[in-house]
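J.: If you scroll down you'll find the structure; I have some questions about it.
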Amino acid sequence: VSGAALGLEIVFVFFLALFLLHRYGDFKKQHRLVIVATLLAWYLCFLIVFILPLDVSTTIYNRCKLAVNSSPAESNGSYVTLAPSKQKCFKPWSYIPDGIMPIFWRVVYWTSQFLTWILLPFMQSYARSGGFSITGKIKTALIENAIYYGTYLLIFGAFLIYVAVNPNFNLQWNQLQTIGIAAANTWGLFLLVLLLGYGLVEIPRSHWNGAKRGYLLMKTYFKAAKLMTEKADAEENLEDIMEEVRKVSESIKYNHPLRKCVDTILKKCPTDYQERMGRNMDDYEDFDERQNSYPSEKSLAKLHKQVIYSVQRHHRTQVQWQILLEQAFYLEDVAKNESSATRQFVHTFHSQEPENKIIQYFYTPTVEWYWECLLRPWFCRVLAVVLATFSVIVVWSECTFFSTKPVLSLFAVFIQLAEKTYNYIYIEMACFLTIFFLSICVYSTVFRIRVFNYYYLASHHQTDAYSLLFSGMLFCRLTPPLCLNFLGLTHMDATISHKNTQPTAYTSIMGSMRVLSFIADGFYIYYPMLVVILCIATYFSLGTRCLNLLGFQQFMGDSEMTSDLIDEGKELIRREKRKRQRQEEGENRRREWKERYGNRDESTRSRAVHTDQKESSFSETNANRPLSKYTRSNGRTERDRIELLQDAEPLDFNAESVNDDPLESDSGR
């Protein structure tokens, strides 16, 4: 069984990262290198979180073995027995053999650091570049990252010169490596505490508010008003960019050297704009460099970049609008069904996507009513209380984990109690739940934050390449200090516990922070206490209030602007609901008409065709009779009138479908 748990978790975490990336990214449209780099960054970070509990249980077993081997002992199968006291060191089911974990952590850590500091920043600039060739995009990416890389090289070079000149410092390569790791972890810990303080309060509060139907519906109306503004802005921006593309396309003709660049830009435009520009373009007109001034390749690259951004933003707002409409309609249905006497959930609109038959069989309207109207609010409240309890434990432990005598960190108390009985299942479950909750608080904040339109993780495959790569950078920078903070909370880090015991394999890779005592004994211990202040600020929504004062509309119940946006969003949802109801009523009428008169129309058409064949044969034998010709003509005219009357269908009133020409209407009648 040794190593089987490690292999299973490696495979499971890979599919978990792949599932999340498929939810936010678009495998069909985005570049493969972007998908692979983001998947690798997410995978390595999730892998560290899932494998670290196994490292803790293995380290506790190794400590037991060292304690046993220091006195006369005898081996007995899967455990070691201490002769005097008969103490037993059971081997955990997930035990990882010696030598595997150090190599594993070294590969995972340095690969993630290479991604976050070198590769992903370069790929960000490459993905946003508007160049028309690989060479041009690489050149643009190098120029944009010259300041970024140059700053780090300058700081590192100045530090090396200072160490070489100062005789008091005698640093070796391992110590320089530890200093680099400490610098990276310090930057990550600074951001980690900010995100953790927000997530510890916001996650329990969001689940508690999830039990309030009125709150969710009001917030959905608020989002609808804001999204409609963003949607209109995206459409206007796209129109302006397409107008520039049209002018460039008309000025640069088919035989111009830059025409290939223009064709590349046109391929990125929406289909309707491409057809419109194609109709207005005259490819047979030659260009004249003397008469017209043509844009340069640099300006075309800039236009190409704007086209990619505007098209992606427009498509994202369209998809998000449809998703938000479905959410609003569903919440309104829940509010209506709460007072239902039949206790069966009734939807206003049928789902546009085909539902799974297995889900339809078990998730009946009755089951859906009990879950949505009775059980789900209570489930959200209970879950919110459990998460709030975890948050209180985390805040207390963050403020007291430096105390070893007595041990005040609750996570350290739980692990030490389990360590005495060598209950490895409990140790691994406690470690996993602790680090998983910390990761949820931090990573969920990364998924929620939005930096204008530059960084935004949108679900349903609507995240652009720049935001995906940026999220990979954040994960790689936040995960190592998150794991070190977890080991400090559980006193598995020798720097915190001040015990001369065997460290975990992960801590040994990080190196001893005693090289920089002011960081090990100062920043790493006292800075996490700021999480208390951040939690208080988040609880009273100080950040939301500041953003609201700066002009960024945020959802606040006591704000007049929020009330106006809620009313506006409610009217938008009502308008879209009436529009969809008219569409469904029209489709239902057409369907009923076809079901009622469809068979009769087919039989009438078949009889008409059979009669035409008989009359045509009759006309061939009696072609010299003028009376039969007029009789056949009159009979066919009568049949045409019958078919037209039977083929007619009821139509919804639509101003666009009304025929303005009275002559055509008379001829049709």
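The chain as shown is numbered from 1 upward.
Note that Cβ sites are derived from N, Cα and C of the backbone, with glycine treated the same way.
Since the structure is predicted, the reported quantities are computational estimates derived from the model, not experimental observations.
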J.: Examine the ranges 224-251, 252-279, 280-307, 336-363 and name the one recorded by TrEMBL as coiled coil.
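T.: In TrEMBL, residues 224-251 carry the label coiled coil.
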J.: Check the coiled coil (224-251) for me and report the mean pLDDT.
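T.: Mean model confidence (pLDDT) across the coiled coil (224-251) is 92.
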J.: Are there residues at least six beyond either end of the transmembrane segment (103-126) with Cβ under 8 Å to its Cβ atoms? List them, or say none.
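T.: Residues packing against the transmembrane segment (103-126) from afar: 6, 33-34, 37, 40-41, 44-45, 47-48, 51, 55, 137-138, 140-142, 144-145, 148, 152, 184, 466, 469-470, 472-473, 476-477, 479-480, 505-506, 509.
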J.: Which listed stretch (6-21, 177-201, 466-489, 523-542) has the most C-beta pairs under 8 A with the transmembrane segment (33-52)?
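T.: Between the candidates 6-21, 177-201, 466-489, 523-542, the best contact partner of the transmembrane segment (33-52) is 466-489.
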J.: Let me spell it out: take the transmembrane segment (378-396), skip the flanking residues so only those 6+ beyond its ends count, and list any with a Cβ under 8 Å from a Cβ in it.
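T.: For the transmembrane segment (378-396), the list is 196, 200-201, 203-205, 207-208, 210-211, 408-411, 437-438, 441, 489, 531-532, 535.
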J.: To the transmembrane segment (523-542), which of 6-21, 177-201, 425-446, 466-489 is linked by the most Cβ pairs under 8 Å?
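T.: Most contacts with the transmembrane segment (523-542): 177-201.
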